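First comes the structure, then the notes that go with it.
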Amino acid sequence: MTSIQAIRGTRDILPSEIGNWQMIESVARQILGCAAYQEIRTPIFEQTSLFERGIGEATDVVGKEMYTFNDRGDRSLTLRPEGTAGVVRSYIEHGLHAQGGVQRLWYTGAMFRYERPQAGRQRQFHQLGVELLGSSDGRADAEVIAIATQILQTIGLKDLSLHLNSIGDASDRQHYREALVAYLTPFKEQLDPDSQTRLTRNPLRILDSKDANTQAILGNAPSILEYLSPASQTRFDALLALLADLGISSTLNSRLVRGLDYYTHTVFEIQSADLGAQATVCAGGRYDGLIPQLGGPETPAIGWAMGLERLVILLQHLQASPPSSVDFYVVSRGEAAEAQALKLAQSLRQAGFKTELDLSRSAFGKQFKRADRSGATACLILGDAEAESKTVQLKWLNSGEQSAIAQADLLANPQQLRQQLTQRST
Ligand code: ATP
Ligand code: MG
């Protein structure tokens, strides 16, 4: 019988790789907590129309990449391709805006897009993102960018670059759109097929094309920055000054766009030169028009999302996933000893010591080998003699030192035991 394999574009994250994932999550959780962001968890599937309205029908994501199906009640549902739409739906549905002031939210989880799988591009992948809702202040833009930078730095990534642009307000973009279409129309036949369609549906997105020929044609295209109104320009200059003040350097990239009507002003990406074609590890922007578009009150907002697979790939270039280290490995042999070993292991766990119990019943020699391989700091040994005397042999695996101790005394002073483990674990 052929065995069943994981679906194309999905990956198992195995125990040997989980260390980096857990490290990223705990760093992010800690940093976001300090910045007073609260976690929100929304469902993995939603009504299809949420994404059609919340991401836009003219985008690749909605047009080509969604996992959409009818459920048994004939409702059209979609596995979430990104996090913002669900968070905004929840924000409106639960009246989080009515709580006044600013809401700072973050999320993490699996996202689904029907794409061609490559390194750093999967069909089920994971994002971590933030949304800051209820402020149009430039400091909100600077804050979310600073937090993204802080997370990436803290997990140990270097050589990342922040690319920044302003796409102005709806009227700036209308003028720019006309200029861009006027420039591109004579080249229409030479554009890649997607860009040809976008010329009428969503011309700003052409700037995002990965086709080399289209990119060459775009070389002389007008820049959005020439179409910013004085107010939009002032806002953008202020953001640049705030970022400089925070010590965050950025590269102006007038090609960076979010080609939808409800995106406004700030857009940014954080890229790594170390990832080949899948260079962007974090992407975000201001979406002042989205909440009304989804039926909520006028609410300015900004957010970003990071692709966790790409962060893990970068970390793997730097170091192996941190190994999990066990405090105690418990070996035992003989009926009474085995029963006592289970009890002892359980009380160690309850006291917060990471304890692995050997269940093999094999000869002591084999169990000791496994103890060594486990990376444990100490081995606890129970045989017939120890079971009889209610003692246990404590062996420090680094030095080989070994002594007997009454089982009842092992946890008499947990703090001291913890200190011993720390001293001996190097
Ligand atoms: P790309 O241009 O790489 O397709 P995108 O503009 O579609 O990216 P966003 O929707 O802005 O990506 O998502 C934010 C981040 O999520 C991306 O910068 C990337 O790190 C990650 N990401 C997006 N799609 C995938 C995917 N299919 N597999 C892995 N990570 C992804
Ligand atoms: Mg994409």
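Cβ atoms are placed via backbone N, Cα and C, with glycine included.
Not measured: the values here are computed from a predicted model.
Per TrEMBL, the feature L-histidine binding site maps to E82, G83, T84, R113, Q127, E131, R258, Y262, Y263. Listed in sequence order, the residues of the same chain lying 6 or more apart from Y263 (L-histidine binding site) and placing their CB within less than 8 Å of its CB are I167, G285, R286, Y287, G289, L290.
According to TrEMBL, the feature domain 'Aminoacyl-transfer RNA synthetases class-II family profile' maps to 1-323.
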Other than its own, how many Cβ atoms are within 10 Å of the Cβ belonging to T84 (L-histidine binding site)?
23
Pairwise Cα distance maximum in Å, L-histidine-binding residues per record: E82, G83, T84, R113, Q127, E131, R258, Y262, Y263:
22
Near ligand 1, which of the binding-site residues show up if the criterion is a Cβ under 6 Å from one of its atoms? Options: T84, Q127, R258, Y263.
Q127
